[in-house]
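Student: Here's a structure for you.
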Amino acid sequence: MAMDSSAKVIDGKSVAKQIRDEITAEVSRMRESIGVIPGLAVILVGDRKDSATYVRNKKKACESVGINSLEANLPEDSTEEEVLNYIAGYNDDPSVHGILVQLPLPSHMNEQNILNAVRIEKDVDGFHPLNIGRLAMRGREPLFVPCTPKGCIELLHRYNVSIKGKRAVVIGRSNIVGMPAALLLQREDATVSIVHSRTSNPEEIIRQADIIIAAVGQANMVRGSWIKPGAVIIDVGINPVEDPNSPRGYKLVGDVCYEEAIRIASAVTPVPGGVGPMTIAMLLQNTLISAKRVHHFE
Ligand SMILES: NC(=O)C1=CN([C@@H]2O[C@H](COP(=O)(O)OP(=O)(O)OC[C@H]3O[C@@H](n4cnc5c(N)ncnc54)[C@H](OP(=O)(O)O)[C@@H]3O)[C@@H](O)[C@H]2O)C=CC1
Ligand SMILES: Nc1nc(=O)c2c([nH]1)NC[C@@H]1CN(c3ccc(C(=O)N[C@@H](CCC(=O)O)C(=O)O)cc3)C=[N+]21
């Protein structure tokens, strides 16, 4: 069995580019036929370096497809009320079709109050409890699906990985990635197990997976010996590790040991260049969906 040479790299960066091209075409068709330009508002509180980088990337991505981007940069010591005021302003602003509050928020703020305040019609992150609730229920449809899990499923679809009836294991159960990823896989008729920090024998469970979505935040945690030969691996983790050879002094690695995984899996997403760019593409897609929906534009 030629496991070694058959493993495929799932190129999230190029799929994301393809999706951005599709969005660019739709945005200009919409502008030309009804004169509406989709708008995304991003609220960033504090000056975490990683968050600032992500917000900058989101803004650049908006510009690249012709979506208007608005940005509110609030100081770390802002009050919850100030954040809520910005949300209220964007909720009422008809030029804004999507609102994203960058997470994590400073610890003195109540994340739940803030996420609840975003109008569900503009909840392009899909984090409002009503959207998550609908995602969890059979026969209901959320207005928006969370971007990172949506990007993971989109990669599986675009690489013709069938999900129905397969055993999927999601590692991690966070509100923003693991939990909605498990719900989406279940909606796609996979048989889903969730592994978390209290799981006993995680390796044994992970080894049964035809599809693995890893969203843990632990560099290289999943080893080659934990992987069933031929499994498909979506690695969401983004972990900085020291690297004296890089000009920044660090490099980014996933939650899965890539060098080992590529020898045994049938397909693997790299880090960087895997899920990250897809997250941003899905955010643009959700913003477009929102603008189309309010303006009844097909
Ligand atoms: N590519 C992208 O677009 C994105 C990437 N990320 C990256 O994905 C990773 C996960 O992010 P996020 O979900 O926000 O992280 P969280 O820290 O919120 O959640 C981590 C989850 O992993 C579980 N976990 C932690 N340690 C272990 C372990 N040793 N074994 C099994 N499970 C474990 C935790 O379990 P428990 O619930 O028991 O605590 C928790 O459910 C991070 O590296 C983050 O940077 C995040 C968002 C988007
Ligand atoms: N409300 C909210 N919504 C989010 O979607 C959200 C959030 N908060 N908080 C933080 C996480 C993280 N996240 C990423 C987005 C893009 C990349 C990304 O583009 N990564 C590139 C490059 C990374 C780099 O070089 O720094 C890659 O993996 O190739 C990574 C991570 C969105 N998140």
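In case you wondered, yes, glycine gets a Cβ from its N, Cα and C as well.
In TrEMBL, annotation is done automatically, which means it is predicted and not curated.
Residues or ranges marked as domain 'Tetrahydrofolate dehydrogenase/cyclohydrolase catalytic' by TrEMBL: 10-125. Positions annotated as domain 'Tetrahydrofolate dehydrogenase/cyclohydrolase NAD(P)-binding' by TrEMBL: 146-293.
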Student: Counting by DSSP, what is the helix, strand and coil composition of the domain 'Tetrahydrofolate dehydrogenase/cyclohydrolase NAD(P)-binding' (146-293)?
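Tutor: Its residues fall into 56 helix, 30 strand, 62 coil.
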Student: Determine how many residues of the domain 'Tetrahydrofolate dehydrogenase/cyclohydrolase catalytic' (10-125) DSSP places in helix, in strand and in coil.
Tutor: 63 helix, 18 strand, 35 coil
